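*Asks:* Before anything else, here's the structure in question.
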Amino acid sequence: MPSSVPWCLLLLAGLCCLVPSSLAEDLQGCAVQETHATAHDEEHLQEPAEHKIAPNLADFAFSLYRHVAHQSNTTNIFFSPVSIATAFALLSLGAKGDTHTQILEGLSFNLTELAEAQIHDGFQHLLNALNHSDNQLQLTTGNGLFIDESAKLLDKFLEDVKKLYHSEAFSINFRDTEEAKKQINDYVEKGTQGKIVDLVKDLDKDTVLALVNYIFFKGTWEKPFEPEYTTEQDFHVDEKTTVRVPMMHRLSSFDVQYSDTLSSWVLLLDYAGNATAFFILPDQGKLQHLEDTLTKGILARFLGNRHSSFVNVHLPKLSISGTYDLTSILPELGITKVFSRQADLSGITEEVPLTVSKALHKAVLTIDEKGTEAAGTTMWEIMPISLPPDLKFNRPFVLIIYDRNTKSPLFVGKVVDPTQK
């Protein structure tokens, strides 16, 4: 066996990562050490654990988005910051030294402001809250640890990942790469109810551990679009390229506002449940300005200042995906050692030096007309006398799905070309 054995970290993620678990009993035993805490301190201590990490997740989401966007302005972007952060927070349980510090700081955590135990508490409560938020969103997720039958992982690492991230562990023979691929792909296909097949295309026979994270998500709009009003329309990819796309249409009362700061129109559409979609349409020539300016504070202001107006909304139906090699993206955020031969993952196993040789993230998004059915009620909408304005998402726009309950960005994307798969 070579002196440095690669650890293949495989990630498949959609809109969010949901792992049923709770640290409520553990946190009930925590005592407040300061007897003269300020009102702000007391409020922070009473704050839900998942809310404590939400600002960091938002910072990570926008930082990662900008790095991905700067790599190419001609392709769609779609990824789940919550899923990526969860996977690497899990990985940090087995990291030590600079490797450990780089991972958490790369995820936008400041260890002088938030203790590591609070970070893991936050993730556990976040995943638990997402998984139990409601029954109106179809969510399927899982974390699978596939361990080579020749490897001996440390008991503490296995206990921590099972307790905190509810990971399943499987023994596998990576030397038989075809059978190993089949076992992993069967696990993902079963977990996603057949929606995701052949996730793993190739494996290194020297792999000793593969972490597979998958997600399947399907949400419905609170106010659906009517399919009979969907028509083929132009979408302007750039000044020289126009494609024909099925464009949904609805004349209704929408949460929409114009942002001078972003030079963009912002449309908020609620899913049935706790999720809200932000569709952000920049003025002509202002896409990069939007990408450079958007922050978690601006999003919070939109949510806190919602108001409705009658608008003709035109939104493309689409099905897009994003696949990313995180070994080339995360180093730009300062996470470098875990992908090198200097990686210290001795908290996973002390038998051989490990490095992450592969870290894949895949996310899939489908937007269509479907929404929840009204149950035995009829709603009349009073139309304005003046002609309502048109809001046409017929050029590149930014998309964010946000969970209102946990205050977390479930996914971030950019639609450059709705016909691009």
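Indices start at 1 and increase along the chain as displayed.
Note: Cβ is positioned from N, Cα and C throughout, glycine not excepted.
Note that this is a predicted model, so its numbers are computed, not measured.
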*Asks:* Between 56-75, 296-315, 376-395, I'd like to know which one Swiss-Prot lists as region 'RCL'.
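*Replies:* The range carrying the region 'RCL' annotation in Swiss-Prot is 376-395.
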*Asks:* According to Swiss-Prot, one residue in N131, N274 is annotated as N-linked glycosylation site; name it.
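*Replies:* Out of N131, N274, Swiss-Prot attaches the N-linked glycosylation site annotation to N274.
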*Asks:* Please identify, from the glycosylation sites N73, N110, N274, the residue with the sparsest Cβ neighbourhood, meaning fewest other Cβ atoms within 10 angstroms.
*Replies:* N110
*Asks:* For the C-alpha pair, I'd like the distance in angstrom between N110 (N-linked glycosylation site) and N73 (N-linked glycosylation site), rounded off.
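*Replies:* Per the Cα atoms, N110 (N-linked glycosylation site) and N73 (N-linked glycosylation site) stand 31 Å apart.
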*Asks:* Could you round the CA separation between N73 (N-linked glycosylation site) and N274 (N-linked glycosylation site) to a whole angstrom and send it over?
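*Replies:* Cα-Cα distance, N73 (N-linked glycosylation site) to N274 (N-linked glycosylation site): 31 Å.
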*Asks:* So what's the mean pLDDT when you look at the region 'RCL' (376-395)?
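*Replies:* Value for the region 'RCL' (376-395), mean pLDDT as a whole number: 61.
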